[in-house]
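J.: Pulled these from TrEMBL:
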BINDING   Arg78, Arg103, Asp130, Pro131, Met132, Leu133, Ala134, Thr135, Gly136, Gly137, Thr138, Asp202  5-phospho-alpha-D-ribose 1-diphosphate binding site
BINDING   Ile196, Gly201, Asp202, Ala203  uracil binding site
DOMAIN    5-209  domain 'Phosphoribosyltransferase'
Amino acid sequence: MELHVVSHPLVDHKLTVLRDKNTPSSTFRELVSEIVMLEAYEATRDLLLEDKPIETPVAPMVGKRIAPPRPMIVPILRAGLGMLDGMMKLLPTAEVGFLGMKRDEQTLDIITYANRLPDDLTGRHVFLVDPMLATGGTLVAAIHYLAERGAREITCIDILAAPEGLKRLEQDINPDINVRVVVAAVDDHLNEKAYIVPGLGDAGDRLYGVVD
Ligand code: URA
């Protein structure tokens, strides 16, 4: 697993406003979108290109375009949806799949409650998006779910990560899967409720309001 922490003054500034508990949901959603675009710029660095002959108004030339098959963006519901808009702005030709996974707050087990993904992901570069890499349980389960469908190039884009979650990814992911993790920051630790500290609270609630 390869970790990339995006280091940029714009990311640091936006992240501080995002973390502030007084930031309203509307601003929070905009900031998530902006931060994910800055992260996606780094996360898409390894996309394969092919030649594309074109004619400019002045001369013919051979340009570049993203090589098929089309990349796949997979937000993990619910909080990952908040990152979809920014990802699609940067990668408008990508396809979008959905994976509904959540943590049982009592047992901390991962439950898959929805999926809308192609059966065959062979050769596809998958961008798995979820704002909070906390225990790593959801992400490990999601990565193996995608790998069972043939994905071997998986880039996870998270806003914040906890060291505990990164360690778990390192230990639990099948080494045959090429996993890259792009984050805006690695925080200090997880608290007893598995929240990232200092973190930003419950990302889903801050994006969409609390649902009981
Ligand atoms: N999920 C969240 O939304 N926040 C955390 O701090 C940890 C997991």
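Backbone N, Cα and C atoms are what each Cβ position is placed from, and that goes for glycine too.
Looking at the shown structure, can you explain where the listed features end up?
T.: Taking Cβ-Cβ distances under 8 Å and a sequence gap of 6 or more within the same chain, the neighbours of Met132 (5-phospho-alpha-D-ribose 1-diphosphate binding site) are Ala79, Asp158, Ile159, Leu160, Ala161, Ile196, Gly199, Leu200, Ala203.
Within 10 Å of the Cβ of Ala203 (uracil binding site) there are 25 other Cβ atoms, across all protein chains.
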J.: List, in sequence order, the same-chain residues at least six positions removed whose CB sits under 8 Å from that of Gly136 (5-phospho-alpha-D-ribose 1-diphosphate binding site)?
T.: Glu164, Gly165, Leu166, Lys167, Arg168, Leu169, Asp172
J.: Any of the binding-site residues Met132, Ala134, Gly136, Ile196, Asp202 with a C-beta atom under 6 A from ligand 1? Give them in order, or none.
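T.: What lies within reach of ligand 1, judged by Cβ under 6 Å, is Met132, Ala134, Ile196, Asp202.
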J.: About how far apart, in whole Å, are the alpha carbons (Cα) of Thr138 (5-phospho-alpha-D-ribose 1-diphosphate binding site) and Asp202 (uracil binding site)?
T.: 15
J.: Taking only the binding-site residues Arg78, Asp130, Ala134, which one has a CA atom nearest to the CA atom of Gly201 (uracil binding site)?
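T.: Sorting the binding-site residues by distance from Gly201 (uracil binding site), the top entry is Ala134.
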J.: Among Asp130, Asp202, the binding-site residues in question, whose Cβ has the most other Cβ atoms within 10 Å in this structure?
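T.: Highest number of other Cβ atoms within 10 Å: Asp130.
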